[in-house]
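*Asks:* From TrEMBL, for reference:
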- 12-32: transmembrane segment (TRANSMEM)
- 94-115: transmembrane segment (TRANSMEM)
- 127-146: transmembrane segment (TRANSMEM)
- 191-212: transmembrane segment (TRANSMEM)
- 224-244: transmembrane segment (TRANSMEM)
- 256-280: transmembrane segment (TRANSMEM)
- 292-312: transmembrane segment (TRANSMEM)
- 319-341: transmembrane segment (TRANSMEM)
- 347-365: transmembrane segment (TRANSMEM)
Amino acid sequence: MTPSDRLRHLRLPVAWLLLAAPLAWWTTVHLAGGWVPHGDTAVAAVRVHDVFGTHTPLLGMPSTSGLVVEGVHAHHPGPLHFQLLAPLYALSGFAPWALVVGSFLLLVALVGVALAAAGAVAGRRGWATVVVVLAPALLLVGGGLVVPWNPWVAIFALTAAVASGWAVLAGNPRWWPAFIVTLSLAAQSHVAIAPVAVVLGAIVLAVSVVRWRSGRESVPRRTAAITTVLGVACWTAPLADVATRRPHNLELLLRVAGAGDGVPASSLLAVGAGGAVLWWCHRRGSGLASGAPGAVVPWLAIGAAVLALSATRAGEGRVGYVAIGYPVVLLLLAWPLVSAIGRSRRAPQVALVGVAAVALGLLVVPRPLEVNAAADAERAAPVVERAKEMARDVEGPIAVTSAGSAAWLDIGPAVYAALLADGHDVYFDARVDGVREDDFRHPRHLRGPRHELRVQSHAGQAEAPPEGAITERVDLPETPGAAVQVERFVDLVLSDRR
């Protein structure tokens with residue numbers, strides 16, 4: 001093997017390292033800073049904790065569907081994200097660092113799958129397209145990516161799913177197992193991606209069947225068996241919800257999907273554009289069943305149309321769903337551009353300029369999401385430590401209640417997630433209306449003696465504690481970027497309810 005051949009073989013690992021390096025740095029920063037789960041990540045930590053328990057989650061995070069359709073409180077479709085983080089979290093004794101490290105390992109694995117799949121289709125032009133797709137997430141979200149929040153893993157999983165599906169469309173059925181797992185993870189992690197995932201998956205399956213029946217493709221039996229087993233494993237929990245609960249989550253999601261006052265003009269435009277792309281690609285010989293790398297264009301054109309349709313039909317903030325599904329749109333746009341550049345003599349220079357631009361962006365681009373997440377974790381950490389000290393000798397159940405904006409939004413969930421991780425029998429009130437899957441921990445289910453821990457954030461005037469209660473006041477650090485700035489104090493009030 002010549003030196004140039006060795007260099008060519010190293011390009012993909014180098015691309016993986018370039019994408020993994022900032023994720024590794026942010027992971028180190030979180031670990032050194034004593035990150036604790038708070039807000040939504042605390043809710044996720046509780047469900048990851050429950051995976052190996054008697055109330056293993058069948059669904060994903062609670063969604064904000066109640067804002068779209070009043071009284072309909074659906075969850076995101078499935079718990080695969082929780083299940084993948086659970087082994088390390090359990091082995092660590094439910095330490096916060098395991099959630100960060102687990103999230104990092106999951107993301108870099110998805111990056112590796114995406115690069116390898118795209119590289120199998122189109123070589124360096126394929127994995128260069130993946131780099132272009134993932135770069136905005138690194139630049140705009142930053143350190144927030146390596147915490148267990150469902151939108152971020154959904155974006156990375158969708159990128160890996162699109163790349164794996166691209167490989168299958170291009171005539172490599174051995175990518176089916178990776179496709180089914182990554183597509184399942186993307187669909188289960190966020191409801192915004194679910195309709196896109198269903199359509200993209202159905203198209204790839206239909207194309208594979210058509211090519212198999214025409215004798216143009218043969219799927220190895222082992223690959224088919226592995227894909228089937230993995231698909232069943234990924235979807236057992238959501239299917240169990242459908243079989244055992246009324247109303248089940250799928251019914252609620254369909255009610256949300258059916259809400260709205262019709263199809264806006266923007267959606268009709270997207271569907272029309274997708275149809276035009278299909279016709280154009282078919283005329284050029286790169287249709288869905290062509291087996292050519294260009295088959296990704298009509299495939300993703302359909303996905304982009306479905307994304308636009310599902311995101312704009314009901315309104316009420318769902319337009320933001322387009323951001324969660326952006327890998328579909330960006331890969332659709334990036335592949336023709338990267339492909340054209342890759343065939344030019346200036347491709348190496350353009351690649352170096354692109355890498356330099358991303359590196360510079362990581363240093364200078366403001367990332368409010370990263371600042372906010374770090375600030376909220378920093379404010380929650382001292383409260384969590386004080387609450388753990390207060391509850392150290394408490395026996396029996398503890399009901400955690402929250403009062404005040406900061407307590408309700410971030411700090412209260414941080415406290416109950418930490419106490420649960422410490423082995424306490426914890427009950428808490430929900431942060432959203434409606435019945436959640438973790439409703440079995442609501443304080444109304446408590447019978448008999450218990451302790452109550454009230455987490456109250458305030459600007460200086462707090463509710464008087466009950467007689468005999470133990471009260472600790474925590475001064476919150478001044479952290480620019482925190483979600484709630486005006487509340488500078490948190491009172492922890494522990495009382496014995498017999």
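The backbone N, Cα and C atoms fix where each Cβ goes, glycine too.
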*Asks:* Please give the sequence-distant neighbours of the transmembrane segment (94-115): residues at least 6 beyond its ends with Cβ less than 8 Å from one of its Cβ atoms.
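*Replies:* Distant Cβ neighbours of the transmembrane segment (94-115) are 12, 15-16, 19-20, 23-24, 27, 30-31, 35-37, 41, 44-45, 48-49, 84-85, 88, 127, 130-131, 133-134, 145-148, 152-153, 156-157, 159-160, 162-164, 178, 182, 185, 420-422.
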*Asks:* For the transmembrane segment (127-146), could you work out the same-chain residues 6 or more beyond its ends whose Cβ comes under 8 Å from its Cβ atoms?
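*Replies:* Sequence-distant neighbours of the transmembrane segment (127-146): 11-12, 15, 18-19, 22-23, 26-27, 29-30, 100, 103-104, 107, 111, 114-116, 118-119, 152, 155-156, 159, 163, 326-327, 330-331, 334-335, 338-339, 342, 351, 354, 358, 361-362, 365, 367, 369-370, 373-374.
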*Asks:* Using a Cβ cut-off of under 8 Å, list the residues of the same chain at least 6 residues beyond the transmembrane segment (12-32) that approach it.
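*Replies:* Cβ under 8 Å, 6 or more out: 97, 100-101, 103-104, 107-108, 111-112, 115-116, 119, 124, 127-128, 130-131, 134, 138, 142-143, 145-147, 355, 362, 370, 377.
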*Asks:* May I ask for the residues of the chain that lie six or more residues beyond the transmembrane segment (191-212) and have a Cβ under 8 Å from a Cβ within it?
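*Replies:* Distant contacts of the transmembrane segment (191-212): 63, 65, 74, 76-77, 154, 158, 161-162, 165, 168-169, 171, 173, 176, 179-180, 183-184, 218-219, 253, 256-257, 288-289, 291, 295, 299, 302-303, 306-307, 310-311, 318, 321, 324-325, 328.
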*Asks:* Excluding the flanking five residues on each side, which residues at least 6 beyond the ends of the transmembrane segment (347-365) place their CB within less than 8 Å of a CB in that stretch?
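*Replies:* Residues packing against the transmembrane segment (347-365) from afar: 18, 22, 128, 131-132, 135, 138-140, 142, 341.
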